[in-house]
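Engineer: Sending over a structure as structure tokens; questions will come in a sec.
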Amino acid sequence: MNTADVPDNLQSWGQQPSSSYSNTQQHSQMTNLPPINHNNLCDTEPMNEDFQLQDVQADELQKQQKQQEQQHIQQQNAQRFIAQSRQPHSNILRFPQPPITSIKTNSHAFYPQQEVTQVRPKKHRVSMTNAEAALTPGMPPEKQAAKKRNIGQFSTDTVPAGIGMIGIPFESTSKPLQIQQFRNPQDAPVRKLTSDLIKTYKAINESFYLRKQVRRDRHKSQDAGKPKGSKDGSGASLTDTFSIHNAIPITSSDNHYQQDAHQNAPPLLDTNAPPTSTMVVPMRTETDLQQQQRQKSSRGGPYNNGYDDQNYDYILKNGEIFDKRYVILSDTPVGKGSFGQVTKAYDTLNKEEVAIKIIKNKKTFFDQAQIEIHLLELTNAHDKDNKYNIVTLKGHFVHRAHLCLVFELLSYNLYDLLKNTSFRGVSLNLARKFAQQLGKTLLFLSSPELSIIHCDLKPENVLLVNAKRSQIRVIDFGSSCQTGHRIYQYIQSRFYRSPEVLLGIAYDTKIDMWSLGCILVEMHTGEPLFAGSSEVDQMMKIVEVLGMPPKEMLDIGPKTHKYFDKTEDGIYYCKKTRDGYRHTYKAPGARKLHEILGVTSGGPGGRRLGEPGHSVEDYSKFKDLIKRMLQFDPKQRISPYYVVRHPFLKQKEERVPSQPPVSHSNLQQQQQLYIQQPSSQMSQVMESPSVGSVYVEDNGMYRQAPGSSANPISVTSSFDEGDAMEVDAGRRRFSAHQQNYHNPNYQYSQPQQQQQQQYQQTQRTQLEQQQKQAQLQQQLQQQQMQQQQQQQQQRQHMPQAQSSSQQHLQSRARPRQQDQNEWRNQFELDDTFQQKQRKVDDSVSNQISRNQFNPQQVSMTHGNVNANNREMEKLDYPNNKL
């Protein structure tokens, strides 16, 4: 019999505290065995002594062993029964297991009629196992040592369950020793059940304790007779169930990134623990739902100690005080967005109502709000008088981890205004007022000292100061950036997204000009101009109206392949979508802007026919402005400087601002050169609408002169420092009258005669266009008059002669209009034209020096030539030298 099969307590039975040699000798005497030779542990001899004394001792030991076994079985069965009785109230994993009917050897319980594989660590100074003994008889000591090293530290014996107790002879049924064979961890019942069922039981326990906590809170609130929770809104502690069983305190204060509790949870059952009669409840960590429930307070929010909701927005309470001065006036916000929410408050120090923008309690929104604060402080510092229609930032602070921005309180936005009109649009006069203010705003933002890109210009971000007036403010600089510090590629709302952003090309302040053009059309028509449902649909809607984008943009666009395909010849065409909806779109440019605006039909849908301020002339100017704003190429797109001087926006009683604020230090670093006032003998160089052509101005609208060449014109300008500057007139041009002064230092190298011919030819072309527009308007008026006359005749039965006489008078008025136009053409071709021009220039220069020049508009309807406008046109003539 191998001593390794004897239980540890039996091996140590009868031993006294002495040396190892004496213990071995006493053991040999007790079992009537020869002493163990420590020099050769593999030597074994048969027992030939009487077993009478040993049998008596073995019987007593067997009785004690059975008693201990029964006690151990009772304790474990009791422990299992207690665990099963606490099944709904604990996180202890349960698994089916038969009652224990065998002893515990090396912390493994053997079941009846079941063979198990025992793994024991190698013990020193004891006899070898049966397998080892079978390998060593007759071997020299050297081979035995080598074989012993090959066996390793572990050995396995397969024995029948229930056998192995002392006094029961048996023959080993073990197979030959298999070296380094370990038990598969997946066969272990505890580990297998833990890995498979931990998620299931975790979810069951979370749901159970959550419902239990809700019921307990409901009972507490009913017993107290008031709403649950305290007034301070601090996180309520867990119930007694959590406080008893949760022995690990929660120290993490991060409410945004919670970890799963089972990742750091201790083992639920310790199979190697000694038997005990006391039930040990294992320690548990809080799960996500339990932690949220622990933090829930009377305010109803699971985050930020109950002050936030699930979207990380602050939970507003009427009467709450922010920053010791702002009193919240409502529980509901006046506006919400991806950034957070806006609420109405009362400033107790300044005795006024304000709007507080509460940013979400997330790091990304917090960082972006800091950029918004920086840009607003920069704009407010350069616009202290608030002339450029940007919302005023009154202050900012942090309240319970939320960054709060305090603004002036404003009224409705432009989208609300459209809803009030049932999406029929506002009048052209009101759209003109909005365009004037927004043009000044973009002129201010694009100045060299700021170079701010709003990046989210839309009707929702343009608010009225007063509901009864047309004054506006531009808000929401949360997505804004500066030209040299672009952060995002995915910007702008889809309806107002520019082509360069859709194509992934680098963008600048011109993207806001595209958005402004879309806004103006929507404000008048009542519907978005490009209402795309996706980026692909958005690009196709743009192509329907404006045609295909320039090839130069498509060649460099990283996202061009998303919208267009390319032939072998390098020609782009619209890409067929996955759904096969290519035929639902019209051909490029088939949807005319002329028809959308209703230039000749009395506005969109004919709703403005006959109304004052909605003539064909007004719509023609409006269409020209929109076309310049909606140019594909940002370089060809009209700049804010020209927008505020466009004939659609210029009014007789208004004076156009001279120039945006600028410093001379960064003058040459910008795309547009802003030159200072005449005191420094400098002028302004602006970009022309296109490259390689000579353009002249017609009431603020720049048209290509017939027969103009693409050769650049060398222009020289004198400075105080004596520096000379050569400007390519193919891309830039001098515009003296737009600065309200004339600089006599310009010297043009092109012959005067050629320029004068170009100027005269341009004037003829302009007059022809004006005549056509006037004739169209007269025809519409005549049609209206005829309809009115027919109605009157039907009601009053007037004689036919009266209507014919009226038609005769109207027919006589038409040649009179033509005579006036012919007189104007003859006047411009008069031989004394240059003499009159010099006289006018002298008078205008005197007005310019006194800053009293105010250009007037040309009345195209009646064909009258205004003298002041004529003076303005002559100032644009480059041959004038005062």
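Placed from the backbone N, Cα and C atoms, the Cβ positions cover glycine too.
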Engineer: Which candidate from LYS317, LYS357, LYS362 does Swiss-Prot annotate alongside VAL334, GLY335, LYS336, GLY337, SER338, PHE339, GLY340, GLN341, VAL342 at the ATP binding site?
Structural biologist: LYS357
Engineer: Of the ranges 62-81, 602-621, which one does Swiss-Prot list as region 'Disordered'?
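Structural biologist: Checked against Swiss-Prot: region 'Disordered' maps to 62-81.
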Engineer: If one looks at the chain holding SER338 (ATP binding site), which residues at least 6 apart in sequence have a CB under 8 angstroms from its CB?
Structural biologist: none
Engineer: Can you work out the mean pLDDT of the predicted model over the domain 'Protein kinase' (328-649)?
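Structural biologist: A mean pLDDT of 94 is what the model gives the domain 'Protein kinase' (328-649).
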Engineer: Please work out the number of neighbouring Cβ atoms within 10 Å of the Cβ of GLY340 (ATP binding site), leaving out its own Cβ.
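Structural biologist: Here the count is 27.
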Engineer: At a 10 A cut-off on CB-CB distances, which of the binding-site residues LYS336, VAL342 has the highest count?
Structural biologist: VAL342
Engineer: For VAL334 (ATP binding site), write down the residues of its own chain that are at least 6 apart in sequence and whose Cβ falls under 8 Å from its Cβ; none is a fine answer.
Structural biologist: VAL342, THR343, LYS344, ALA355
Engineer: Checking the spread of the ATP site as listed (VAL334, GLY335, LYS336, GLY337, SER338, PHE339, GLY340, GLN341, VAL342, LYS357): what is the longest Cα-Cα distance, in whole Å?
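Structural biologist: Greatest Cα separation within the listed binding residues comes to 14 Å.
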Engineer: For the compositional bias 'Low complexity' (64-79), jot down how many residues DSSP puts in helix, in strand and in coil.
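Structural biologist: Helix, strand, coil within the compositional bias 'Low complexity' (64-79): 16 helix, 0 strand, 0 coil.
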Engineer: Report, in whole Å, the straight Cα-to-Cα distance of ASP456 (active site, proton acceptor) from GLY340 (ATP binding site).
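Structural biologist: Between the Cα atoms of GLY340 (ATP binding site) and ASP456 (active site, proton acceptor), the distance comes to 16 Å.
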